2 protein chains.
Amino acid sequence: MDTTIKNVKITKMPESNFIKPFRMEFERDGKAMHWDCVKVHDSVSVLLYHEEKEAFLLVKQFRPAVWCRQKEDVLERGFTYELCAGILDKGISEEETIIEEIYEEVGYKVENVVKIGSFYSSFGFAGGKQTIFYAKINESMKKWKGGGIDNEQIEPFYLLVKDAMKFVYDENYVKAASMAYCFMWFNERFKK
Amino acid sequence: MDTTIKNVKITKMPESNFIKPFRMEFERDGKAMHWDCVKVHDSVSVLLYHEEKEAFLLVKQFRPAVWCRQKEDVLERGFTYELCAGILDKGISEEETIIEEIYEEVGYKVENVVKIGSFYSSFGFAGGKQTIFYAKINESMKKWKGGGIDNEQIEPFYLLVKDAMKFVYDENYVKAASMAYCFMWFNERFKK
């Protein structure tokens, strides 16, 4: 991916549609306390297994929040390797949302997904719920090249199943533990 | 855990030591864009395996951010089951931080931890780095009952290794995918 990021400015966050900071004031066992949080959307993601390629299909994209945390000396500053995913902001079901996201991000037309599990993340300040699915894909389901909609710039990344755990431990590639979990879930389910 | 939460008020978040919202303005391939983010601390966590009990030692605690997202009808509103963990805000190493947290939260004196891996979370808005360790504990290392410091109210929760994956899929218990990953990492490493 040949992306250039320039003229970065960090400014005050105005009212945002995606992140809503708030303070929760409460009494725990009679004691007054408070805690700072952000309200964010719940999300869905999917482990995609491509049959002919014997590979997982991940997405690579630029993430401003990661860019800001990294120094200039990293290999691909701000880029992450993720499960195909989306936020629940359209008023449709988790299954419908992830099927739409698969089509938009990587161009495959999937009819069914299998639920792996529901988890929460960033307990300390956000606590968003993430439901993870699994789906098999093959070349006959490919309808367009993908890449996302609006301003998204999403690159497909095929990772051979046999190389997946090596990839997990290579810290040059930014990834979530949930992805590592999915790889192991797959191995346990299909490779024994 | 017999905790009562009362008199909850949601108020505007003032300047916070833990969550710093900001907007990143930038040009991607010449196109002006912006993205809303929060700056949070990186963190460390540890999978604790208790030898005599043949159990993982987790921590159960009240998380305001999770409480706010849940409805009243859930089993234990706002409570989460987590790896023992802490944020990197003391200017000491990841290893030193997690060894301190183990002592504070569950009362065991651990000398060494083994690194499992480093992952990122909440790419879309935070991108915090989480480094996960593993440590074996036994009764001779127990120095006090734990529970955390300051206002923390942390309850130890022993989960038999043989019951761990069933626990992962029981959605009555709020947990992160990273914990599920650690259980599978342990099974693969020690049970084959």
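Note that Cβ sites are derived from N, Cα and C of the backbone, with glycine treated the same way.
Where the annotation comes from TrEMBL, it is an automatic prediction and has not been curated.
According to TrEMBL, the feature Mg(2+) binding site maps to A:Ala85, A:Glu101, A:Glu105, A:Glu152. Cβ neighbour count for A:Glu105 (Mg(2+) binding site) (all protein chains, 10 Å cutoff from its Cβ): 25. The DSSP secondary structure for A:Glu105 (Mg(2+) binding site) is helix.
The domain 'Nudix hydrolase' annotation in TrEMBL covers A:39-181.
Note on the motif 'Nudix box' (A:86-108): residues 18, 40-46, 48, 57, 59, 131, 133, 135, 137, 141-149, 152, 154, 156 of its chain, located 6 or more positions outside it, place their CB under 8 angstroms from a CB of the stretch. Among the features that TrEMBL reports, motif 'Nudix box' is placed at A:86-108.
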Model confidence over the domain 'Nudix hydrolase' (A:39-181), averaged pLDDT: 95
Neighbours of A:Ala85, A:Glu101, A:Glu105, A:Glu152 excl. site residues, C-beta within 8 Å of centre, Mg(2+): A:Val59, A:Cys84, A:Gly86, A:Ile102, A:Glu104, A:Val106, A:Gly148, A:Ile154
Set of same-chain residues at least 6 away whose C-beta sits under 8 angstroms from A:Glu101 (Mg(2+) binding site): A:Val44, A:Val46, A:Cys84, A:Ala85, A:Gly86
For A:Ala85 (Mg(2+) binding site), the three-state class that DSSP assigns: strand
Helix, strand and coil residues within the domain 'Nudix hydrolase' (A:39-181) as assigned by DSSP: 36 helix, 52 strand, 55 coil
